[in-house]
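Asks: Sharing the record's features from TrEMBL:
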REPEAT    77-119  repeat 'WD'
REPEAT    127-169  repeat 'WD'
REGION    427-456  region 'Disordered'
COMPBIAS  429-454  compositional bias 'Low complexity'
REGION    507-543  region 'Disordered'
COMPBIAS  507-516  compositional bias 'Basic and acidic residues'
COMPBIAS  519-535  compositional bias 'Polar residues'
Amino acid sequence: MSFRVVRSSKFRHVYGQALKREQCYDNIRVSKSSWDSTFCAVNPKFLAIIVESAGGGAFIVLPHNKVGRIPADYPLVGGHKGPVLDIAWCPHNDNVIASGSEDCVVKVWQIPDGGLSRTLTEPVVDLLYHQRRVGLVLWHPSALNVLLTAGSDNQIVIWNVGTGEVLIHIDVHPDIVFSACFNWDGSKLVTTCKDKKIRIIDPRSGEVEAEALCHEGSKATRAIFLRHGLIFTTGFNRSSERQYSLRAPDALSEPIVMVDLDTSNGVMFPLYDPDTNLLYLCGKGDSVIRYFEITPEPPFVHYINTFQTPDPQRGIGLMPKRGCDVSTCEIARFYRLNNSGLCQVITMTVPRKSELFQEDLYPDTLSDEPSVSAEDWFNGTDGEPILVSLKGGYVSNSQGQQLNVTKKSNVLDKGKPNILNSAAKKLQNHSSDQSNNNNNSSKNNNNNTDISDSAPIKQERAPSPIISAPPPVVPEVTQADIKLIQDEIRKLKAVIVKHENRIRALEAQAKSRDEENNLTEQKIQSPDSASTPARSNLAPDEV
């Protein structure tokens, strides 16, 4: 008699459960872009979703208590001139989010506590370098204000958002970069490219330390670093079958595990929980979420279960562990975007009878405090992410924290007010008063003496302007400028009224045309209807 030995794991009975519709977010016009992105970003304060928007790109930011049906005129974040392709919340400030768009610009926004009361069009800072659309934005896990962007120009740029400058420019990819991911302490970078190769790069020098064939298929691939250094990838084989693999950094060309899943066409997004070593596979267009456990013993990637839903998913976001409910043993929470405009909330729970804090399920997790500054990281200092215990609940340290951007002073910038700081201050206070811009700028500059003053390395290609004389100081807004703006608004109103009258006239013409058509049809039918009573009035002999 043979006995089947069941692998011992505290996550073997993890189950998923979808919340009721009134506890989800409805009436959201999810973006219809064909770009392979999750279209969703979540943190313990807000939910951000890329939406369809006329005349440019936009995304919606919702506080977690704003559940139910979202009004059609809800305020958006809409400063891009092209569709937004990717968004990412800053891990060290829950009010700061970065967005990349087809207009080749990366914008960093500050969202006020409580959400938006009006449409936001002024970012804290614009990051201009890429020559083609920007489809990937990624924050550094432990360094403050360090942001990575990648575009269709095959370039990777690492920014210091605190100064708005380029720290490092990496030009080693011959084609579009599909994905990028830092390792646990941010000292290494793994990327996948359209040339079917996976690369491990030193993010400071831009040198390729290792590269190998990732997946043989031509469709998009994804790669992420696991906590202990291994690399997990998803992609397609030559027969367009989806597969995943587990690799060691020192032997990229020899996968430890390579498993074929199914024949679906959607790109699989690996979402990883470093605290529990659970990995979730969510495919675009799929109606399932598969979850696995990564262990040191073979077969290393253990399948646990599949969460099934009736509707296919267009995008998905994973809540950081800081936002999970420890009282119900919730270990993950997904925000799943459907084509119908519903953002469905799904919780992953470990069944436990005890209501006490489960220390084995909730080891110390990532906090929102950075361990190193941008200039220290650029100079070679690596810092392990700061961990925090979830026992007793977690309180964010970014309450009321503001992102201050201080451009480096040089010959051309002397005497200029810091416009970016004043814009951020106006956004935080919801005030339109412009008389205090200079005071706010000077205060922010005095409070940010620890911002990076290191010069970019030689890889930076952004040309510096050649000007013989310093540009003039931008004057303040005068009454004449206000009057000019008011005149323009009046003209726009007149144009709108003119178009409304024209629309009414066209509707009247269409209505009259329909009436004429109805009369014509009645005239055509009248001879036939009139002949019947005429025959009925005849005498029987005449008939």
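Note: Cβ is positioned from N, Cα and C throughout, glycine not excepted.
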Asks: Counting by DSSP, what is the helix, strand and coil composition of the repeat 'WD' (127-169)?
Replies: 0 helix, 25 strand, 18 coil
Asks: Which whole number is the mean pLDDT over the repeat 'WD' (77-119)?
Replies: 95
Asks: Could you count the residues of the compositional bias 'Basic and acidic residues' (507-516) that DSSP puts in helix, in strand and in coil?
Replies: 10 helix, 0 strand, 0 coil
